[in-house]
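Chemist: The annotation active site, nucleophile is assigned in TrEMBL to Glu107. Taken from TrEMBL, the feature active site, proton donor applies to Glu111. Annotation comment: TrEMBL describes 4-222 as domain 'GH16'. Summarising the annotation, TrEMBL assigns signal peptide to 1-32.
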Amino acid sequence: MKILHGSGIHSSVMHFHVRLLCFWMLFSLAFSANFTDLFQPFWAPDHIVNEDNLVKLTLDNTSGCGIRSRRNYLFGRASVQIKLIEGDSAGTVTAFYMSSDGPDHDELDFEFLGNVSGEPYLVQTNVYVNGTGNREQRHSLWFDPTADFHSYSFLWNRHCIIFLIDGIPIRVFTNKEEEIGVPYPKNQGMGIYGSVWNADDWATQGGSVKTDWSHAPFISAFRSFNIDACEYLAESDGTVGKCREGGLYWWDKPALNSLSLHQSRQLKWVRAKHLVYDYCKDTGRFNELPRECLS
Ligand SMILES: *[C@@H]1O[C@H](CO)[C@@H](O)[C@H](O)[C@H]1NC(C)=O
Ligand SMILES: *[C@@H]1O[C@H](CO)[C@@H](O)[C@H](O)[C@H]1NC(C)=O
Ligand SMILES: *[C@@H]1O[C@H](CO)[C@@H](O)[C@H](O)[C@H]1NC(C)=O
Ligand SMILES: *[C@@H]1O[C@H](CO)[C@@H](O)[C@H](O)[C@H]1NC(C)=O
């Protein structure tokens, strides 16, 4: 099945695909890909356990660990379900992110900042373009992310990048390259990553709460890996050009150039109730707010 192996779908079967997407969101388990086909460890394989496509990433006092997709992708949708470290997770970060390689890399991040028992996680998102990030937002969640699995997704096309939690958009990064010259990730394929690591110098309550290693090992569980994106392999075999070309895939559909009315309402709700930090509002940090914040 094409969908399971990360290829996009030609627009001639788009209607079928849109119906399939709805079906798929309801029954994502049934459509989940085989982890081993799509991912491999990139850091500390001995801290990673794959139990029939339920993948446990462990952090202890010797190491964190990480997984990476075997391929890179340019545009499409990547999603995973995560159940975060339970109990005392202060100082830890669990991440689900996309990144290209090299110094001028592009990157899209979900970073889950742990907390002491009973205090809420925060999710930090960021967008790097051509090596430059500094676009953090932080949100609280409307559920306990340690009690059960929830889905986290990137939808990425030429017009926008949408960060979704359980299908609800929490952030949109819009392509304003032509309008105001802010660079937009559209030239480099990105790998898809999951990781856990110790970040107690900054993650929890500004770095004041350190990781309590007596509570190790810290385990985040990942499952239901879904990649429906354009595989970006090499210039030589034409896949790169195919990914860059517009109009071939379901994510090029005009309806996905921006949020639907329903999604805009959802985003508004999330921003009103759960946005706790936005770089676009941080006048103490920037002498001049970044250009994308002004329009
Ligand atoms: C996943 O794929 C690997 C290699 O392709 C295979 O060995 C394994 O049995 C598969 N696992 C499941 C659960 O389908
Ligand atoms: C790491 O944790 C193990 C098991 O809890 C413990 O035996 C060991 O002393 C710890 N090592 C360090 C360097 O703290
Ligand atoms: C990316 O940044 C490098 C400098 O790090 C610059 O030379 C290059 O022109 C930039 N590329 C784009 C597409 O902005
Ligand atoms: C941790 O809990 C404290 C106290 O409720 C809260 O101020 C903080 O935002 C929470 N999250 C992080 C990542 O520090």
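Placement of Cβ uses the backbone N, Cα and C atoms for every residue, glycine included.
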Chemist: Taking 10 A as the limit, how many CB atoms besides its own sit near the CB of Glu107 (active site, nucleophile)?
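Modeler: Its Cβ has 19 other Cβ atoms within 10 Å.
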Chemist: Taking the Cβ of Glu111 (active site, proton donor) as the reference point, list residues of the same chain whose Cβ is under 8 angstroms away and which are at least six residues distant in sequence.
Modeler: Val93, Thr94, Ala95, Tyr97, Val123, Gln124, Thr125, Asn126
Chemist: Taking every residue in the domain 'GH16' (4-222), what is their average pLDDT?
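Modeler: PLDDT averaged over the stretch: 89.
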